[in-house]
Amino acid sequence: MLSNRLSRRFSRRRPQSSSYIEAMYSCLGLHSETSNIWSHAFGIVLFLSSAVQLASNPVSSTEKFAILMYLVAVIICLVCSTFYHIFSDHVRAAAWQRGDHLSIICVMWASSLSFSFFSFNEERQAYVAFLTITAILPAVRISTFSYSRSQDRWSRIITCIAFGCSTILPTAFDPNPDLLQSFWGLVMVNTLGGAVYATNTVDRAFWNNPTNEKLSHATMHVLFVLGTRIYYHGLLSVHNATVDR
């Protein structure tokens, strides 16, 4: 069957290598990381074009800086994740995976920070300090994990969930009502993506393979791009409304 042939092609692992050039060249073929690599590449192009377009706008404001900071964090996250998936079969793959997970903390931090820029005035500095300190803790924790042990997978997931819960705190303290819908859109869509990845839902349903997480992983990437775009458009809409007043 076609689905079985596709499953075998997209499940094929590349042989472990010590060559970065071979890993880059393998992007042109079909293997277990193909969907992950190219779903990230699409997101990089999309958000990079948005960042360039916004940066070229002559209007200068604190809110514009906050949006650009958010876009840069998303781009960094996508770039780090792309390189991890390119080099996932390299002998130094663990270092790239650690960078991937640290960049996830970075984009979560920037998402909540940008929300605070649009919601708070007097309390802004206090919240920036709080969120930055709370971001350092999971970053240090992630840096201590052994990426050679599969049992650490859930520890990494739980660490990101715990930090994610702290990033929604601004919604409880006089938030910007015009931004709430898109912020919660980001939270809900990315939570769905994380759940799909953690439970291998797509691979169980489509490939009937509960041990292969590759398609579920790629689905999480697509949902990540969708969620971050929803929030970006919310930020941009509120910013433009402020400028037009």
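Cβ atoms are placed via backbone N, Cα and C, with glycine included.
Since we're looking at a predicted model, the values are computed, not measured.
Here TrEMBL has His217, His221 binding Zn(2+), and the candidate from His31, His85 in that same listed site is His85. Across the binding-site residues listed here (His85, His217, His221), the residue whose Cβ sits among the most other Cβ atoms within 10 Å is His85.
In this chain, the transmembrane segment (99-120) touches the transmembrane segment (154-173); three or more CB pairs sit within less than 8 A of each other, excluding pairs fewer than 6 residues apart. The transmembrane segment (99-120) shares more Cβ pairs under 8 Å with 67-87 than with any other stretch in the list 37-55, 67-87, 126-142, 179-198.
Counting residues 6+ beyond its ends, the transmembrane segment (126-142) has Cβ neighbours under 8 Å at 98, 101-102, 105-106, 108-109, 112-113, 116, 120, 156, 159-160, 162-163, 166-167, 169-170 in the same chain.
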